[in-house]
Amino acid sequence: MAARVIDGKAVAAALRAEVAARAATLPYAPGLAVVLVGEDPASQVYVRNKERAAKAAGFASETIRLPASASQAELLALIARLNRDPAVDGILVQLPLPAGIDPQAVIRAIDPAKDVDGFHPDNVAALALGTPFLVPCTPRGVMKLLAAAGIAPRGARALVLGRSNIVGRPMAALLLAADATVTIAHSRTRDLAAECRRAEILIAAVGRAEMVKGDWVSPGATVIDVGINRTAAGGLVGDVAYAEAAAVAGAITPVPGGVGPMTIACLLENTLIAAAARR
Ligand code: GUN
């Protein structure tokens, strides 16, 4: 039987509407500052979409663009100004940063109370300790997709493929907090296919086009595809060979239209959470 398709666009639209409705009850508009350094084409698209979504939710949003030649000191000075600005509730510095700027130094400079990416060590620690405050947007969105699809992590064997700070590691922490039995697999894992086959919930976040094959998926498993890879022909594919996997899985997210829309919706929710906590 073909897998149920988890409609991330619909779940994200509902969350965005809920965030906009909650924001409308506040006596002020939540403020989001998005910082883009350089001209990375994918980052420009992401940043434009984030600003558009923030405005649509009634937020006060500004995008600050620095040239690729900007120094780390200039970026840190900008962050210090945004940290002090009472109208700014959330600060997001789009990654990757140009060579010569240390992303960890930049992330550490952001006020943890305004860290809507959830990347600051204080927020990473809070998540690891089971007392989360601001949680990275993409894994947060995956948890909401699972909930919307009626898939309970409790007691389930979950496999996270990928160990990035942005997705894999926080994803594993969230699944563990939800009582899943969590394995993290990565490029050095022996027999990736066998590890994947054991999973009841399989989260692919490696950034390798169509790496997860149909015979890596256990019949009836839930497959969440975080990958967004551009093909030579200009199309978008995930980290999962979709048609093959959908023939075996119980539920699956498409690319596009799965996890992607949830990331932005969760960024808006994080900004609302930061705003409500600050003022
Ligand atoms: N680049 C790719 N994903 C992300 C993200 O979630 N946040 C930021 N700041 N940059 C990214």
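Easy rule for this one: first residue shown is 1, then count along the chain.
Any Cβ shown, glycine's included, is placed from N, Cα and C.
Any TrEMBL annotation is an automated prediction that lacks curation.
Listed in TrEMBL:
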- Gly162, Arg163, Ser164, Ile228: NADP(+) binding site (BINDING)
- 6-117: domain 'Tetrahydrofolate dehydrogenase/cyclohydrolase catalytic' (DOMAIN)
- 136-277: domain 'Tetrahydrofolate dehydrogenase/cyclohydrolase NAD(P)-binding' (DOMAIN)
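Where TrEMBL records a feature, it is marked here on the structure.
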residue : record               : Cβ contacts under 8 Å, 6 or more apart
Gly162  : NADP(+) binding site : Gly168, Met171, Ala185, His186, Ile203, Ala204, Ala205, Val206, Gly207, Val226
Arg163  : NADP(+) binding site : Arg169, Ile184, His186
Ser164  : NADP(+) binding site : Ala205
Ile228  : NADP(+) binding site : Leu236, Gly238, Val255, Pro256, Gly260
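The DSSP secondary structure for Arg163 (NADP(+) binding site) is coil. Helix, strand and coil counts under DSSP for the domain 'Tetrahydrofolate dehydrogenase/cyclohydrolase NAD(P)-binding' (136-277) come to 54 helix, 26 strand, 62 coil.
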